[in-house]
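According to TrEMBL, the protein carries these features:
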type: DOMAIN; residues: 1-116; note: domain 'PpiC'
């Protein structure tokens with residue numbers, strides 16, 4: 001498999017490489033621990049959802065601090081060399097329609113949903 005298509009929900013923290021919400025322009029002040037706790041809550045919501053694919057898009061649109069939020073977190077297709085290594089490794093391990101556990105990169109913490 002050369003490419004995957006994923007959506008993600010990114011929560012930044014004050015130690016992220018660019019701690020600014022890309023949708024609001026506001027500086028992110030939460031701690032790493034607060035970001036992890038919030039994402040664990042969202043992950044539990046997704047696991048309990050009858051339609052996790054729709055719920056993921058809804059939550060990514062409402063909560064993600066990446067500019068991809070406007071597309072429900074959809075990043076389109078990407079290869080093994082486009083994203084940060086932890087993100088890529090997690091994405092390529094997922095099965096289609098599977099949601100990752102928390103993934104940490106320099107950008108913050110992610111939940112990743114594999115679309116294709």
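In case you wondered, yes, glycine gets a Cβ from its N, Cα and C as well.
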I'm checking region-level scores; what's the whole-number mean pLDDT for the domain 'PpiC' (1-116)? 98
Which numbers of helix, strand and coil residues does DSSP report for the domain 'PpiC' (1-116)? 43 helix, 26 strand, 47 coil
